[in-house]
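Structure first, commentary second.
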Amino acid sequence: MDWDWGNRCSRPGRRDLLCVLALLAGCLLPVCRTRVYTNHWAVKIAGGFAEADRIASKYGFINVGQIGALKDYYHFYHSRTIKRSVLSSRGTHSFISMEPKVEWIQQQVVKKRTKRDYDLSHAQSTYFNDPKWPSMWYMHCSDNTHPCQSDMNIEGAWKRGYTGKNIVVTILDDGIERTHPDLMQNYDALASCDVNGNDLDPMPRYDASNENKHGTRCAGEVAATANNSHCTVGIAFNAKIGGVRMLDGDVTDMVEAKSVSYNPQHVHIYSASWGPDDDGKTVDGPAPLTRQAFENGVRMGRRGLGSVFVWASGNGGRSKDHCSCDGYTNSIYTISISSTAESGKKPWYLEECSSTLATTYSSGESYDKKIITTDLRQRCTDNHTGTSASAPMAAGIIALALEANPFLTWRDVQHVIVRTSRAGHLNANDWKTNAAGFKVSHLYGFGLMDAEAMVMEAEKWTTVPQQHVCVESTDRQIKTIRPNSAVRSIYKASGCSDNPNHHVNYLEHVVVRITITHPRRGDLAIYLTSPSGTRSQLLANRLFDHSMEGFKNWEFMTIHCWGERAAGDWVLEVYDTPSQLRNFKTPGKLKEWSLVLYGTSVQPYSPTNEFPKVERFRYSRVEDPTDDYGAEDYAGPCDPECSEVGCDGPGPDHCSDCLHYYYKLKNNTRICVSSCPPGHYHADKKRCRKCAPNCESCFGSHGNQCLSCKYGYFLNEETSSCVTQCPDGSYEDIKKNVCGKCSENCKACIGFHNCTECKGGLSLQGSRCSVTCEDGQFFNGHDCQPCHRFCATCSGAGADGCINCTEGYVMEEGRCVQSCSVSYYLDHSSEGGYKSCKRCDNSCLTCNGPGFKNCSSCPSGYLLDLGTCQMGAICKDGEYIDDQGHCQTCEASCAKCWGPTQEDCISCPVTRVLDDGRCVMNCPSWKFEFKKQCHPCHYTCQGCQGSGPSNCTSCRADKHGQERFLYHGECLENCPVGHYPAKGHACLPCPDNCELCYNPHVCSRCMSGYVIIPPNHTCQKLECRQGEFQDSEYEECMPCEEGCLGCTEDDPGACTSCATGYYMFERHCYKACPEKTFGVKWECRACGTNCGSCDQHECYWCEEGFFLSGGSCVQDCGPGFHGDQELGECKPCHRACENCTGSGYNQCSSCQEGLQLWHGTCLWSTWPQVEGKDWNEAVPTEKPSLVRSLLQDRRKWKVQIKRDATSQNQPCHSSCKTCNGSLCASCPTGMYLWLQACVPSCPQGTWPSVTSGSCEKCSEDCVSCSGADLCQQCLSQPDNTLLLHEGRCYHSCPEGFYAKDGVCEHCSSPCKTCEGNATSCNSCEGDFVLDHGVCWKTCPEKHVAVEGVCKHCPERCQDCIHEKTCKECMPDFFLYNDMCHRSCPKSFYPDMRQCVPCHKNCLECNGPKEDDCKVCADTSKALHNGLCLDECPEGTYKEEENDECRDCPESCLICSSAWTCLACREGFTVVHDVCTAPKECAAVEYWDEGSHRCQPCHKKCSRCSGPSEDQCYTCPRETFLLNTTCVKECPEGYHTDKDSQQCVLCHSSCRTCEGPHSMQCLSCRPGWFQLGKECLLQCRDGYYGESTSGRCEKCDKSCKSCRGPRPTDCQSCDTFFFLLRSKGQCHRACPEHYYADQHAQTCERCHPTCDKCSGKEAWSCLSCVWSYHLLKGICIPECIVGEYREGKGENFNCKKCHESCMECKGPGSKNCTGCSAGLLLDMDDNRCLHCCNASHSRRSQDCCDCQSSTDECILPAREAEFYEHTKTALLVTSGAMLLLLLGAAAVVWRKSRSRPVAKGRYEKLAEPTVSYSSYRSSYLDEDQVIEYRDRDYDEDDEDDIVYMGQDGTVYRKFKYGLLDETEDDELEYDDESYSYQ
């Protein structure tokens, strides 16, 4: 029975239990894999073998011995522990980990390791006794008898004499058969052991299946003996071969470490053909011991040259495994070898990854030939396969290379392999050449190994430079990996260029450490792109990997960047492709990643290492798919950017294919370039595409594919999008333009550690979030713990951690005690009741109080006398009794003492104080003076004035390591609200009204009722404007409901007043009154009862069940009327009815007097019962007044009717010409029909129409009129005033008119608009500007014209260019951020009424240079002569209070303070920390050591250190000290300091000066420009360097920066202005055909078809040029391609464009809107021109500089004006020199001979051109919605425009690509057209 599992498990609506269980088992299988613990331990013990034995014995272990070559690592065995257990061991022996000498211990876990051969189940082993040499095909690829086209050239190496002699190779496997005839001759016992059996014999364990044949097979490939007529030949048949048996048992970390480190000084090469399971779901690698063994091996193996480890890459191809999940092949220390089949095709078992270094042969399909080698039981096999066969083959080739050069290091070997391996005929679809020129593949690494090339390279090899390791840690920011999407992270690496010991310039290995959490690891794919563009696949999707463990610091490695440069942008991409087995869409997270770059700082290859690669294989040419790109008509050289395919011309736009990348121009021409420019990314197939508008760099064109952002945007790295506001939990990092993550405990922040709001359970302490403990508790780093019972408050555990003591305890020397100790007394004098024990006077043994007069007992030898301790009568003061009873003199510093040393004082002279038995000048900083004695401060204080915790004067970290800060005499752990922790450990106040800050100038959070005001970040009172209310919770002004001028926080919708244009109703404001209300004087009033809509006069309609009657609502309409249910009105009954149910004559319910009711009809009682002729007409309803007048007229007519009742027909009324019953239908001449009656004159609101003969209504807004558009008086209402203008009524007068008495009158010139009277202007004509209602030619002083209105400059501003942008401040004020301030902020200094930034090292400064600092930005730096230094220079010391370097005393050479000399100047010696001369000499003398007497100074010196004139300290009057010499006048470069009588060096920028600072220059050095008294290499913004005068001259005030004084010399513009680059001008609003780029602050050209636009794309048009009309933002041509419109209206003709234009808007060559291929459009005069580097352009006067731009044409001629300007200085200087040399006559002669300078303009063409005015299309619907789509922002997207010709044919602009190019996102066609049938 066949089970259709696929259908069964995927069929919708069905859930089979067996299917579900099977899927669950598959998903949980990796999770349920059990660890097996052994009874073996690995232990690291310091102290040697004996110490290890002692510890092992103590805890019941047996010390088996050292683990391999790992020093201090030992193998312990415990016989009483279960041999194999799923639980780790417990018991007393586990206490070994607590031994001090035990540094590390690990119980060994069994690892699963798989041999990397493949056993074909159907193949029967065939054994041969004959020699196999002829059948070893992989040795004979060069003899043309085998399909393998590429040879490993092993015979070539043999012919050069290399066979592996003296090289030792060890096979790490299941043992080797050392007795095999092909192995026994080369067997090396020193390279062999049995780790599984713990002996030295590697012989395999034999069984019936011959399972342990693997190691013997691998060994035969390497070193099978040649010419012994037994079986086969090894690649290195004279090499020594050993084996380590380690796979035939439990494989643990210790087993592996022993194996890979076995006898490393003897073994050269270790070969391993095993690894973790190749099941497609395992992620495993070497554990700590094995990793250590690898590192030790490469560092110390082979006597420091490094062991060589060769590893098989893996056989998990069928399981879709990826060898990057194998930590052995993924290591930089191993050489990972893959396999290729004889045909060069990929074997089915092969895994691919970026760590594979090279390839050797193995088998492919089952029918392919396999590898011949030795086998168990002294036999041979021709069935060896898999990567297991490839690794030993590589080990053999490496052995040949090591024989050729035994001094190759382990890295040399890898370099040699990289340089000599080659692609050959190996078939892979991902071969690529990296930036260093190496061809590499994920399947085969650098290709097939070449033995001959390797030995040739090794012979002349020079050891590569030392390996450098650079760890580049990226920002740790978690990114969400969403299903079916990618996460990209970019990191700009420097290669550790700032650290010479770690600098990596040229790469070898690149390791990426990644931590990822994910619900299904197998769905992930990871890529890394190097700065050179080489893309490595670090991980591919793995179908069988269901693990939810993700990756934890897993190291992926790539060798694909070998030889490339390290510095630049590295891009990591993580893709999540959910599999069908994944039933949930939980996103993963990229938690962190880092780069480890391995390589060298210098080029690794010396000239002797240069070796040309030679392809040694039979080459059969494969047809190049690009051969179609011939260049039949062109035979010249191609542009360097063209590929080898060729070109059809010399320029980069003539390439048939590009070498690197290409642009597409507007006209679809492709230009080849070397790299994509900023704002673009490298798309597939060498194409440069544009990033999304907000991206600075990107990896795709969508808005969520940004890598960095433009200014003003921040990169949200989770979404890879650029946002203007970062999401919650992150902050705006302005320096990096990214959204940085707040620290873990922050809810909101302004920096990683600068929290402004904390998560639940935490409180803000300063700028960090931490736990706040209650009184009586302290925080130990994890939680709150109770203080010691003696403490009321504390900062740590124990009685010595108290801050205050509990009741009944007092503080003594930092501890809380119940009573004072001996020699202490209880002090009650402290403020606030604080009690403490203070030390007694030193003369007392015990005391009752302070001082020497409160003693209660005395020391031995002293007598108590009235509270004082007196010396006995034997000795005097200043003496003590020695042991012999004699009086001896105290040490000189003591007044009284009890011993001879300076520590035995008991009282001191008046100039000193007593401190612990010493008499000192001052108490140390941690003590305070009281009663001439030093007492310790409270332990929280650094300095103090008393013993309490509130008597501190300075703070530091306390004894518990807690940082403390001074606040009101207390040292606190955290500063209170409104203060910040400053340097010096003090809490300093924040700016006024600030609650949280980090310096005294910038506030982060204001107090309640205040808000932060940028840009200074100060707090101002929260004063809400009209229409806002103060939100107390968020402390900001929130808007009231729409229309409110005032409201309250309790109910923002309850308005106190309304804005203009809004109506008030029940405390709410409405744009229009709500239902059932009407507006009167901007108030809504309720309609009458039951009225649904009304005005102040009447109701318009009523609620259901009521009827409108006479302007009010009634339920019963009354007699003569009936309720019309449909209209909701009371309608009159027929005139015959008294009551009725409808208006018809037959709907009466009762009749008028004299009439009778008959079937609903009222009839005369005398009439026959037939319908009357006139009774079938209802009376029309009109306004009540009109109805009333008509009824009166009808009453008279009724009487007439009664009189003529006998007549059958009645005549019309006399006023009617014709009638319809009693109503007129038309009127005679002179009468007009109105309400079915004829009137002689029309009523108000109507006018007599001669044409219709009736009274026509005036327009609704007109009270009286004389014609349809001839209003005479407009309707006037209080809330709706209308004005009469030219016979029509308007709400406001048109431009140029003002309202007077309800009529629009003309404004007087030059008013454009006015109000109130003709001269009260609101705006002005032409160039006039408005100021206070008057139009002037220019604005008054301190004003600026903004949109034609004079605006006052900002406060304190002298001159401005915008109402918010000041250019020059009034005296005593300084310009900062476009505003004027009384003083400059921190990090700025005032200069020429401007705030100029300090150097980055300075917090405060008086100039821009690094030596102009007044306060350092880095608090750890020391300030010396304006410089911020790490340490103070010799002769100075650091003053801790202000971090300044102060000069040592004059005699001091080195000092630590002003009073502590450490070394003295010549002639002085240190005595008691002071430099003193042996003898005091006179001021004009010095001490001569030779004669031991004072000698006179030189006559030029005032004070000196020796006899010569260059040994002066000071100088006589009117001379000045220059270094150590006295001079009469200071030389140039120095200024004279008359106060100190010294020559002080000028600043390095000054030539002459008046002081040492950069702001005190009088003249500048050559090449510098003077600005005020400052010399600059480059003038600051607002100035330019004038080379003739050497000064910085002012730019025109319209420029922010410039190259000259004119308004056309601007290079950048101030805020609110935009630079028009082509003119060099700054514009407030961009001119016609340009739009304002708000980010770049430039005016950019619209698309050629746009007249006005919002962007440069073709779809951003707002209006169009002639011959185009607007449709959804695109200007569509009205003629077919190549033609333009001629004529207006619907009947127009289409004429052909000029031959140079592809599209145009008019005739001639200067009306082009699109160009043909190879031409670029000059936007300024709409011409199509060639590139200047094109051959045919050399004949043309004008051409485009395509090097500058490929998007539009830039004429080289436009540079002329700039160059002309820069040459001005040279011309002026030359003229001055000629004046001096030749005189006036020569100048006249020169002028007469001079020729006019050519101006940088264009020559007017003779061909006439017609200009066509632009117009706005009327086709744009008012309700048109332009939908935004997230799309590719590419420069050629707008080219795909479809338009229709006059004949109905639809045309399209087409895009052309290379013929071999296919793109999923874009179709490319030939010309096509469609016709509508």
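Quick reminder: no glycine exception, Cβ is built from N, Cα and C everywhere.
Cβ neighbours within 10 Å of Asp173 (active site, charge relay system), excluding its own Cβ and spanning all shown chains: 31. Feature annotation from Swiss-Prot assigns active site, charge relay system to Asp173 (among others); the stated evidence is sequence analysis.
Look at His214 (active site, charge relay system): DSSP puts it in a helix. Per Swiss-Prot, the feature active site, charge relay system maps to His214 (among others); the stated evidence is sequence analysis.
For Ser388 (active site, charge relay system), the count of additional Cβ atoms within 10 Å of its Cβ stands at 29 [all protein chains shown]. Summarising the annotation, Swiss-Prot assigns active site, charge relay system to Ser388 (among others) and lists sequence analysis as the type of evidence.
Residues or ranges marked as domain 'Peptidase S8' by Swiss-Prot: 136-455.
If you look up Swiss-Prot, you'll see 463-603 marked as domain 'P/Homo B'. Note on the domain 'P/Homo B' (463-603): DSSP counts are 3 helix, 72 strand, 66 coil.
The feature N-linked glycosylation site is assigned by Swiss-Prot to Asn227 (among others). Its Cβ placed at the centre, Asn227 (N-linked glycosylation site) has 9 other Cβ atoms within 10 Å.
The Cβ neighbour count for Asn383 (N-linked glycosylation site), using a 10 Å radius and every protein chain shown, is 21. According to Swiss-Prot, the feature N-linked glycosylation site maps to Asn383 (among others), an assignment based on sequence analysis.
Marked as N-linked glycosylation site by Swiss-Prot: Asn667 (among others).
Around the Cβ of Asn804 (N-linked glycosylation site), the number of neighbouring Cβ atoms within 10 Å comes to 19. Annotation comment: Swiss-Prot describes Asn804 (among others) as N-linked glycosylation site.
Residues or ranges marked as N-linked glycosylation site in Swiss-Prot (evidence: sequence analysis): Asn854 (among others). In three-state terms derived from DSSP, Asn854 (N-linked glycosylation site) belongs to neither a helical nor a strand segment and is classed as coil. With a cut-off of 8 Å between CB atoms and residues at least 6 apart in sequence, the same chain places Tyr825, Cys840, Asp841, Cys844, Cys847, Asn848, Gly867 near Asn854 (N-linked glycosylation site), listed in sequence order.
Positions annotated as N-linked glycosylation site by Swiss-Prot: Asn951 (among others). According to DSSP, Asn951 (N-linked glycosylation site) is assigned to coil rather than to any helix or strand. The Cβ of Asn951 (N-linked glycosylation site) has 19 neighbouring Cβ atoms from other residues within 10 Å, across all protein chains displayed.
According to Swiss-Prot, the N-linked glycosylation site annotation covers Asn1016 (among others), on the basis of sequence analysis.
Asn1220 (N-linked glycosylation site) falls within a strand when secondary structure is assigned with DSSP. Neighbour count (other Cβ atoms within 10 Å of the Cβ, all protein chains): 13 for Asn1220 (N-linked glycosylation site). Annotated N-linked glycosylation site per Swiss-Prot: Asn1220 (among others), in sequence order.
Among the features that Swiss-Prot reports, N-linked glycosylation site is placed at Asn1317 (among others). Cβ contacts within 10 Å of Asn1317 (N-linked glycosylation site), excluding its own Cβ and spanning all protein chains shown: 13.
Annotated N-linked glycosylation site per Swiss-Prot: Asn1523 (among others), in sequence order. Taking Cβ-Cβ distances under 8 Å and a sequence gap of 6 or more within the same chain, the neighbours of Asn1523 (N-linked glycosylation site) are Asp1510.
The annotation N-linked glycosylation site is assigned in Swiss-Prot to Asn1711 (among others) on the grounds of sequence analysis. Around the Cβ of Asn1711 (N-linked glycosylation site), 25 further Cβ atoms fall within 10 Å across all displayed protein chains.
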Message: Six or more residues beyond either end and a Cβ under 8 Å away: which residues meet both conditions relative to the repeat 'FU 15' (1347-1390)?
response: 999-1001, 1015-1016, 1323-1324, 1328-1332, 1336, 1339-1340, 1396-1398, 1402-1408, 1412, 1417, 1559, 1582, 1597-1598, 1614-1617, 1628
- request: Return the member of Asn227, Asn383, Asn1220, Asn1711 nearest to His214 (active site, charge relay system) in space, with distance defined Cα to Cα and candidates limited to these glycosylation sites.
  value: Asn383
Query: Nearest to Asn1220 (N-linked glycosylation site) in three-dimensional space, by Cα, is which of the recorded positions Asp173, Ser388, Asn1711?
result: Asn1711
Query: Using Cα coordinates, what distance in whole Å links Asn951 (N-linked glycosylation site) and Asn804 (N-linked glycosylation site)?
result: 13
- line: As a whole number of Å, the Cα atom of Asp173 (active site, charge relay system) is distant from the Cα atom of Ser388 (active site, charge relay system) by 11
Message: Could you check which of the recorded positions Asn227, Asn383, Ser388, Asn804, Asn1711 is the closest Cα neighbour of Asn1317 (N-linked glycosylation site)?
response: Asn1711
Task: Around the Cβ of His214 (active site, charge relay system), how many other Cβ atoms lie within 10 Å? Please give the count over every shown protein chain.
output: 26
- request: Please average pLDDT over the region 'AC 2' (1856-1877) for the predicted structure.
  value: 35
- request: Just give me the nearest neighbour of Asn804 (N-linked glycosylation site) among the recorded positions Asn227, Asn383, Ser388, Asn1711, Cα to Cα.
  value: Ser388
- prompt: If you run through the repeat 'FU 2' (685-732) with DSSP, how many residues end up as helix, strand and coil?
  reply: 0 helix, 21 strand, 27 coil
- prompt: Can you find at least 3 Cβ pairs under 8 Å between the repeat 'FU 22' (1691-1738) and the repeat 'FU 1' (632-682), where each pair is 6 or more residues apart in sequence?
  reply: yes
Number of helical, extended and coil residues in the repeat 'FU 8' (984-1030), per DSSP: 0 helix, 23 strand, 24 coil
Message: Rounded to a whole angstrom, what is the C-alpha distance between Asn227 (N-linked glycosylation site) and Asn383 (N-linked glycosylation site)?
response: 22
Number of helical, extended and coil residues in the repeat 'FU 20' (1589-1636), per DSSP: 0 helix, 21 strand, 27 coil
Query: Which whole-number value in Å describes the distance between the Cα atoms of Asn1711 (N-linked glycosylation site) and Asn383 (N-linked glycosylation site)?
result: 78
